[in-house]
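Heads up: the structure comes next, in structure tokens.
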Amino acid sequence: MAKLTVKDVDLKGKKVLVRVDFNVPLKDGVITNDNRITAALPTIKYIIEQGGRAILFSHLGRVKEEADKAGKSLAPVAADLAAKLGQDVVFPGVTRGAELEAAINALEDGQVLLVENTRYEDVDGKKESKNDPELGKYWASLGDGIFVNDAFGTAHRAHASNVGISANVEKAVAGFLLENEIAYIQEAVETPERPFVAILGGSKVSDKIGVIENLLEKADKVLIGGGMTYTFYKAQGIEIGNSLVEEDKLDVAKALLEKANGKLILPVDSKEANAFAGYTEVRDTEGEAVSEGFLGLDIGPKSIAKFDEALTGAKTVVWNGPMGVFENPDFQAGTIGVMDAIVKQPGVKSIIGGGDSAAAAINLGRADKFSWISTGGGASMELLEGKVLPGLAALTEK
């Protein structure tokens with residue numbers, strides 16, 4: 001990566017602004033998954049060990065109006081972070097103003113402060129999400145000219161708390177998490193050890209058109225599963241029953257199949273049910289066709305075997321999107337089968353592109369078997385598409 005990283009700058013005695021991704025799920029004010037906080041620890045610890053004063057920025061959920069602020073405070077995150085670091089985290093509970101400035105100016109070397117949810121600034125004219133130049137300038141003024149971006153999850157967005165601050169500091173650098181994310185995903189796509197197999201699931205073809213197009217050029221094989229299978233089926237005239245389909249994407253699916261030259265591998269059977277919820281019958285289809293009155297909710301056993309074979313000997317695998325409705329035990333065999341087929345390959349570099357696939361690996365107990373699990377669904381998708389991420393582009397060149 002030809003950008004400066006946190007190791008390239010002198011941090012001692014400096015007020016260091018850090019964009020982290022603490023957008024964690026909360027239930028009744030309790031954090032239900034703290035992965036993103038844990039992922040940010042190496043960068044935060046490095047800054048304070050070097051004698052820097054870490055000033056952290058993050059968003060949490062969406063905040064459009066005053067009423068949305070309830071339940072979207074970063075207070076529970078500050079408490080969780082303090083426990084993980086084993087030291088106090090200063091939390092003024094505001095995003096700007098005299099109270100925040102005083103708290104920052106009172107920091108000593110090695111201390112940590114967390115600014116309140118940056119999206120609180122969206123209540124008045126979406127200042128954070130629309131990268132209001134004055135807000136970026138103000139937040140940049142709170143530090144000593146160094147900004148560390150460690151929030152891969154928002155790197156595909158141009159917000160005041162990443163691109164806005166970057167534009168107003170002397171040095172904008174990458175944190176360890178951002179550096180690793182880029183290294184794993186970009187390297188996998190641009191300079192993979194071959195054979196390179198990509199696996200794409202999820203419900204919509206429309207979400208993945210750019211990714212499929214880019215990966216058809218880069219990968220040796222592209223395996224398709226999940227709900228988008230049925231748009232590809234219908235494009236070929238295969239019966240899909242009541243399965244999910246994007247009628248307006250049939251031509252796109254047809255064009256992708258023609259362009260693929262056999263690289264695109266589709267499931268050969270499905271697990272079908274007579275309803276999405278409250279079904280009374282679940283069975284495997286004979287072949288590709290889904291029965292009338294039924295809908296496909298997972299890939300079937302023949303497809304799992306076919307994908308297992310397609311993955312044999314793979315050295316690089318990028319996976320984005322589950323094979324079926326994995327949250328339901330009746331329809332998780334496809335996702336489990338594909339995960340197991342990936343991780344059993346000797347010496348494979350296996351990467352999960354965030355989002356639902358990451359949740360599937362964690363919930364189904366396979367997370368520790370993968371080389372890398374991305375913290376950013378949307379950002380990793382854009383990297384897989386070959387796009388330039390604004391949050392990354394805004395960093396200082398080496």
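Glycine residues also receive a Cβ, built from the backbone N, Cα and C atoms like all the rest.
Swiss-Prot annotations:
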BINDING   ASP21, PHE22, ASN23, ARG36, HIS59, LEU60, GLY61, ARG62, ARG119, ARG157  substrate binding site
BINDING   LYS208, GLY296, GLU327, GLY354, GLY355, ASP356, SER357  ATP binding site
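Between the binding-site residues GLY61, GLY296, GLY354, the minimum number of other C-beta atoms within 10 Å of a residue's C-beta occurs at GLY61.
Residues ASP21, PHE22, ASN23, ARG36, HIS59, LEU60, GLY61, ARG62, ARG119, ARG157, recorded as contacting substrate, have a largest CA-CA distance of 18 Å. The Cβ of ARG119 (substrate binding site) has HIS59, LEU60, GLY61, ARG62, VAL63, LYS72, GLU128, SER129 as same-chain neighbours under 8 Å, each 6 or more residues away in sequence. Non-local neighbourhood of GLY355 (ATP binding site): ASN320, GLY321, GLY377, GLY378, SER380, MET381, each in the same chain, at least six residues away, with C-beta under 8 Å from its C-beta. Across the fold, the C-alpha of ASP21 (substrate binding site) and the C-alpha of GLY354 (ATP binding site) stand 13 Å from each other. Cα of LYS208 (ATP binding site) to Cα of ASN23 (substrate binding site): a distance of 24 Å.
Close to SER357 (ATP binding site) in the fold, though at least 6 residues off in sequence, lie GLY201, TRP319, ASN320, GLY321, PRO322, each with a CB less than 8 Å from its CB. Counting in whole angstrom, ASP356 (ATP binding site) lies 15 from ASN23 (substrate binding site) by their C-alpha atoms.
Long-range Cβ contacts of ASN23 (substrate binding site) within its own chain (separation 6+, distance under 8 Å): ARG36, SER58, HIS59, LEU60, GLY61, GLY153, THR154. Neighbour list (GLU327 (ATP binding site), Cβ cut-off 8 Å, at least 6 residues apart, same chain): ASN363.
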